[in-house]
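The structure under discussion appears below in the form of C-alpha coordinates.
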Amino acid sequence: MSHYEGDLRPAGARFVIVCSRWNARITDALVAGACHSLVDNGVPDDAVDVVRVPGAWEIPIVANLLAQAGQHAAIIALGCVVRGDTRHYEHVADLCAEGMMSVQMQTGVPVLNGVLAVECIKDAEMRAGGSHGNKGAETALAALEMVSLLEKLP
(Lines of atoms letter the chains of each structure in order from A and count residues from 1; the text may use other names and numbers.)
(Lines give C-alpha, C1' and ligand atoms only; values in the text may rest on other atoms or scores of the structure.)
Protein backbone atom coordinates (compact mmCIF):
# COMPACT_ATOMS: atom_id res chain seq x y z
CA MET A 1 0.00 0.00 0.00
CA SER A 2 1.37 3.38 -1.00
CA HIS A 3 1.19 6.32 1.38
CA TYR A 4 1.61 9.91 0.19
CA GLU A 5 2.10 12.97 2.34
CA GLY A 6 3.53 16.39 1.67
CA ASP A 7 6.35 17.99 3.61
CA LEU A 8 7.47 21.57 4.16
CA ARG A 9 10.36 21.63 1.69
CA PRO A 10 9.67 24.12 -1.11
CA ALA A 11 12.01 22.66 -3.78
CA GLY A 12 12.35 25.90 -5.73
CA ALA A 13 8.64 26.70 -5.86
CA ARG A 14 7.23 30.22 -6.20
CA PHE A 15 4.27 31.30 -4.10
CA VAL A 16 1.84 34.19 -4.30
CA ILE A 17 -0.18 35.70 -1.50
CA VAL A 18 -3.42 37.33 -2.61
CA CYS A 19 -4.70 39.46 0.23
CA SER A 20 -7.56 41.87 0.69
CA ARG A 21 -6.94 45.39 1.98
CA TRP A 22 -10.24 45.50 3.88
CA ASN A 23 -9.56 45.26 7.65
CA ALA A 24 -5.92 46.08 6.91
CA ARG A 25 -4.68 45.82 10.49
CA ILE A 26 -5.74 42.16 10.48
CA THR A 27 -4.76 41.32 6.91
CA ASP A 28 -1.33 42.93 7.27
CA ALA A 29 -0.68 40.62 10.24
CA LEU A 30 -1.85 37.62 8.20
CA VAL A 31 0.51 38.53 5.34
CA ALA A 32 3.41 38.97 7.76
CA GLY A 33 2.69 35.57 9.29
CA ALA A 34 2.49 33.90 5.88
CA CYS A 35 5.74 35.49 4.70
CA HIS A 36 7.57 34.48 7.89
CA SER A 37 6.33 30.88 7.55
CA LEU A 38 7.49 30.64 3.97
CA VAL A 39 10.91 32.17 4.63
CA ASP A 40 11.38 30.13 7.82
CA ASN A 41 10.84 27.00 5.73
CA GLY A 42 13.40 27.85 3.08
CA VAL A 43 11.45 29.86 0.53
CA PRO A 44 13.57 32.82 -0.63
CA ASP A 45 12.03 36.29 -0.31
CA ASP A 46 12.20 36.73 -4.07
CA ALA A 47 10.10 33.57 -4.57
CA VAL A 48 7.12 35.15 -2.81
CA ASP A 49 4.84 37.67 -4.49
CA VAL A 50 2.12 39.64 -2.71
CA VAL A 51 -0.91 40.94 -4.58
CA ARG A 52 -3.35 43.23 -2.77
CA VAL A 53 -7.00 43.39 -3.77
CA PRO A 54 -9.71 45.68 -2.39
CA GLY A 55 -11.69 43.00 -0.53
CA ALA A 56 -12.32 39.28 -0.21
CA TRP A 57 -14.85 39.43 -3.06
CA GLU A 58 -12.02 40.19 -5.51
CA ILE A 59 -9.71 37.36 -4.41
CA PRO A 60 -11.11 34.61 -6.70
CA ILE A 61 -10.74 36.52 -9.98
CA VAL A 62 -7.15 37.46 -9.20
CA ALA A 63 -6.40 33.91 -8.02
CA ASN A 64 -7.83 32.61 -11.29
CA LEU A 65 -5.64 34.88 -13.43
CA LEU A 66 -2.54 33.97 -11.42
CA ALA A 67 -3.29 30.25 -11.54
CA GLN A 68 -3.77 30.38 -15.30
CA ALA A 69 -0.48 32.26 -15.71
CA GLY A 70 1.29 29.23 -14.23
CA GLN A 71 4.12 31.08 -12.48
CA HIS A 72 3.25 30.02 -8.93
CA ALA A 73 3.06 26.57 -7.37
CA ALA A 74 0.35 27.69 -4.93
CA ILE A 75 -1.82 30.67 -4.12
CA ILE A 76 -2.27 31.74 -0.51
CA ALA A 77 -5.53 33.68 -0.15
CA LEU A 78 -5.81 35.91 2.92
CA GLY A 79 -8.53 38.26 4.05
CA CYS A 80 -10.91 39.15 6.83
CA VAL A 81 -14.69 39.29 6.57
CA VAL A 82 -16.48 40.43 9.74
CA ARG A 83 -20.18 39.84 10.34
CA GLY A 84 -22.24 43.01 10.25
CA ASP A 85 -25.93 43.78 10.58
CA THR A 86 -26.87 42.40 7.16
CA ARG A 87 -26.39 39.13 5.27
CA HIS A 88 -23.65 40.70 3.11
CA TYR A 89 -21.00 38.95 5.24
CA GLU A 90 -22.41 35.52 4.39
CA HIS A 91 -22.49 36.22 0.67
CA VAL A 92 -18.93 37.53 0.58
CA ALA A 93 -17.43 34.76 2.73
CA ASP A 94 -19.32 31.90 1.07
CA LEU A 95 -18.86 33.02 -2.52
CA CYS A 96 -15.20 33.88 -1.99
CA ALA A 97 -14.62 30.33 -0.71
CA GLU A 98 -16.60 28.82 -3.59
CA GLY A 99 -14.64 30.92 -6.08
CA MET A 100 -11.31 29.82 -4.68
CA MET A 101 -12.38 26.17 -4.74
CA SER A 102 -13.47 26.56 -8.34
CA VAL A 103 -10.10 28.05 -9.31
CA GLN A 104 -8.09 25.21 -7.83
CA MET A 105 -10.35 22.52 -9.26
CA GLN A 106 -10.24 24.04 -12.75
CA THR A 107 -6.52 24.84 -12.84
CA GLY A 108 -4.88 22.25 -10.60
CA VAL A 109 -3.08 25.03 -8.72
CA PRO A 110 -3.75 24.85 -4.97
CA VAL A 111 -5.57 27.88 -3.59
CA LEU A 112 -5.28 27.83 0.18
CA ASN A 113 -8.10 29.55 2.03
CA GLY A 114 -6.86 31.84 4.78
CA VAL A 115 -9.79 34.23 4.54
CA LEU A 116 -11.11 34.72 8.05
CA ALA A 117 -14.89 34.82 8.43
CA VAL A 118 -15.47 36.02 11.97
CA GLU A 119 -18.23 37.36 14.20
CA CYS A 120 -16.28 40.39 15.42
CA ILE A 121 -12.91 42.07 15.03
CA LYS A 122 -11.73 40.58 18.36
CA ASP A 123 -12.14 37.10 16.83
CA ALA A 124 -9.98 38.22 13.92
CA GLU A 125 -7.30 39.63 16.23
CA MET A 126 -7.08 36.29 18.03
CA ARG A 127 -6.44 34.57 14.66
CA ALA A 128 -3.97 37.14 13.33
CA GLY A 129 -1.19 36.62 15.84
CA GLY A 130 -3.23 36.46 19.03
CA SER A 131 -4.23 33.58 21.27
CA HIS A 132 -5.36 31.42 18.33
CA GLY A 133 -2.09 31.80 16.42
CA ASN A 134 -1.68 33.33 12.98
CA LYS A 135 -3.90 31.83 10.31
CA GLY A 136 -1.74 33.45 7.63
CA ALA A 137 1.24 31.44 8.87
CA GLU A 138 -0.85 28.26 9.03
CA THR A 139 -2.19 28.79 5.51
CA ALA A 140 1.35 29.24 4.17
CA LEU A 141 2.39 25.95 5.79
CA ALA A 142 -0.56 24.23 4.14
CA ALA A 143 0.56 25.70 0.80
CA LEU A 144 4.06 24.27 1.24
CA GLU A 145 2.63 20.88 2.09
CA MET A 146 0.22 20.83 -0.84
CA VAL A 147 2.93 21.75 -3.35
CA SER A 148 5.07 18.91 -2.04
CA LEU A 149 2.17 16.45 -2.01
CA LEU A 150 1.09 17.24 -5.57
CA GLU A 151 4.66 16.69 -6.76
CA LYS A 152 4.70 13.24 -5.14
CA LEU A 153 1.33 11.96 -6.36
CA PRO A 154 1.40 9.63 -9.36
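Just so you know, the numbers here start at 1 and follow the chain as drawn.
Glycine is treated like the rest: Cβ placed from N, Cα and C.
These features come from Swiss-Prot:
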type	residues	note
ACT_SITE	H88	active site, proton donor
BINDING	W22, A56, W57, E58, C80, V81, V82, N113	5-amino-6-(D-ribitylamino)uracil binding site
BINDING	D85, T86, R127	(2S)-2-hydroxy-3-oxobutyl phosphate binding site
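In the three-state DSSP scheme, C80 (5-amino-6-(D-ribitylamino)uracil binding site) is classed as strand. Within 10 Å of the Cβ of W22 (5-amino-6-(D-ribitylamino)uracil binding site) there are 18 other Cβ atoms, across all protein chains. W57 (5-amino-6-(D-ribitylamino)uracil binding site) has a Cβ environment of 19 other Cβ atoms inside 10 Å.
Nearest in space to C80 (5-amino-6-(D-ribitylamino)uracil binding site), taking C-alpha to C-alpha distance over the recorded positions T86, H88, R127, is R127. Comparing Cβ neighbour counts within 10 Å across the binding-site residues A56, C80, V81, V82, the minimum falls on V82.
Sparsest Cβ environment among the binding-site residues E58, D85 (other Cβ atoms counted within 10 Å): D85. Note on proximity: among D85, T86, H88, R127, the recorded positions of the record, the Cα nearest N113 (5-amino-6-(D-ribitylamino)uracil binding site) is that of R127.
Ranked by Cα separation from W57 (5-amino-6-(D-ribitylamino)uracil binding site), the recorded positions D85, T86, H88, R127 are led by H88. Straight-line distance linking the Cα atoms of V82 (5-amino-6-(D-ribitylamino)uracil binding site) and the residue listed as 'active site, proton donor', rounded to a whole number, equals 10 Å. The CA atom of A56 (5-amino-6-(D-ribitylamino)uracil binding site) is located 18 Å away from the CA atom of D85 ((2S)-2-hydroxy-3-oxobutyl phosphate binding site).
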